[in-house]
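Features reported for this protein in TrEMBL:
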| type | residues | note |
| --- | --- | --- |
| ACT_SITE | Glu407 | active site, nucleophile |
| BINDING | Asn8, Gln70, Gln116 | carbohydrate binding site |
| DISULFID | Cys82-Cys99 | disulfide bond |
| DOMAIN | 1-141 | domain 'CBM15' |
| DOMAIN | 158-505 | domain 'GH10' |
Amino acid sequence: MTSGWRGNGNGNTGITYNSDGVSFNASGDDIGAVTDIAAPIQLEDAIITMVVNVSSEFKASGANLQPFAQIKGGSWAGEWNCWAGNELFTAGTDVTITCTVAEADKKFDQTASDVQIGVQAKTSPTGVVTIKSVTVTLKQSASSSSSVASSSATSVYSANVNSLRELATFPIGAAVSNTDSPTYNILTNASEKTVVEKHFDQMTAGNIMKMSYLQPTQGNFSFTNADAFVDYAVSKNINIHGHALLWHSDYQVPGFMKNWSGSAADFITAVETHVSTIVDHYEAKGGVVSWDVVNEALNDNSPSNFRTDSAFYTKSGNSAVYIEKAFQAARAANPNVTLYYNDYNIDQNNAKTTKLVEMLTDFQARSIPIDGVGFQMHVFMDYPSIASISAAMKKVVDKGLKVKITELDVAVNNPYSGGWPGSKISTFTQDVALTQKKRYCEIVKAYLDTVPANLRGGITVWGTTDASTWLTTATSQYNGEAIAWPLLFDNNYNDKPALRGFADALQGNTCTNL
Ligand code: 9MR
């Protein structure tokens, strides 16, 4: 970039052009650099993407960056909701930040005034910021993607999906991070915010509403982080699917429960207190519309049984009674919130699904309150079959209960397939992307075909971009390689064909790999 930029903000000492791009000395709040886009320009819903690089002094000062667009003249109205938190930056490393121009009054359809776009430093900054490239992608049309003031912009795939959430009459959710994963914290990572606010109307906390986060020691509930997360969602018209009140997975279970040495009756009381305190808290606060009350209580290896190796089962006196007690406590705390039992492999392990249905039948016969079943759906491109997924969902529908896909991701590599590791896909080629697009479409279509509208609890994907998927580290056969590519957006928050596949199903289009 060699021309068209100027310094912006009071006390600005200007910009310098160099071989990397445009630099400014971030010597105070609101100091930045801008460039103009001449009217007429329809910038509503455009996405500004910048590659920036900060100095070690800037990083160390703890400062943040705010990308923005601003109408020149008149009221100088601007898009000020974008934010790139300090934790995104590593000194000397290129970082892509984005900003969607979606100012509340929709003032960016500019026939008269020019617009300036830029970035400014915030939160008592010092040090140097370099803008290496800027791309403005206008609303919806891939062909309208235009590069301004940029020497290094490359065109990226667009799924031409303005907003996934607007295509569905049921919740479209994403699991997001908070303090559990600072790099991807939804409260500070501008790119996470942009993609979530654009496409989703529900969020699940990937971790921070789990047991040990909310009640680390007995009687000490810790709601600060979860409340901030819920507040943010509500401010963006996004609601929350609560996850998860009870989950046996070792490191989620607070020590006092894991090491319980009191009676089974007192343990059940402790379980009830955990459930009712949390459900009560969020009933009062608002924003949480549903809960995974119990997660993964069914056994995989001996699927006609409940899981017997969990603290909940053993400390309840070798009994699965804690499950119904949890549902009763949740319902007593909030008569209106939707209560789910959540599990994996119930779309493919017939004996496990049979056990699930047995539990549902028993609960209904004894009026244990339950509204639906969460199908996690951590699936592969080739497994399980659509027929298997549909058949399992139908069993829940036949009980008159809701079906929610709670943790959808479609991993490209299946390390449990016979051919592994010979079958390993090491590059995410266009062919692979299009096969995944079709698979996403077929799964969403199966959901629509099988679950009637009144029983659709929604579909949540387990993460936003491929960069942060749990599968890279959790799948030991991957040996740490990021070869799942399971989500709707790539590492740089660009659309993947998978997003188009999801939208195709919602729009009633044919599922294709074209
Ligand atoms: O994605 C979550 C990951 O960050 C955590 O380390 C892990 C353990 O708490 O849990 C992951 O999410 C799980 C979810 O809570 C329940 N179903 C399986 C998900 C993937 O392991």
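The backbone N, Cα and C atoms fix where each Cβ goes, glycine too.
Automatic, uncurated: that is what TrEMBL annotation is.
Sparsest Cβ environment among the disulfide-bonded residues Cys82, Cys99 (other Cβ atoms counted within 10 Å): Cys82. Apart from Asn8, Gln70, Gln116, the residues listed for carbohydrate, the same chain places the Cβ atoms of Gly32, Val34, Phe68, Ala69, Lys72, Gly78, Ile117, Gly118 within 8 Å of the centroid of those Cβ atoms. Applying DSSP to the domain 'CBM15' (1-141) sorts its residues as follows: 8 helix, 64 strand, 69 coil.
Residues Asn8, Gln70, Gln116 are listed as the carbohydrate binders, and the farthest two of them sit 12 Å apart at their Cα atoms. A 10 Å cutoff on Cβ-Cβ distances gives Glu407 (active site, nucleophile) a total of 25 other Cβ atoms nearby, all chains included.
Around Asn8 (carbohydrate binding site), the same-chain residues at least 6 positions away in sequence with a Cβ under 8 Å from its Cβ are Asp30, Ile31, Gly32, Ala33, Val34, Gln116, Gly118, Gln120. Of all Cβ atoms in the shown protein chains, 21 besides its own fall within 10 Å of the Cβ of Gln70 (carbohydrate binding site). Geometry remark: Gln70 (carbohydrate binding site) versus Cys82 (disulfide bond), CA distance 12 Å.
Residue pair Glu407 (active site, nucleophile) / Cys99 (disulfide bond) shows a Cα separation of 27 Å.
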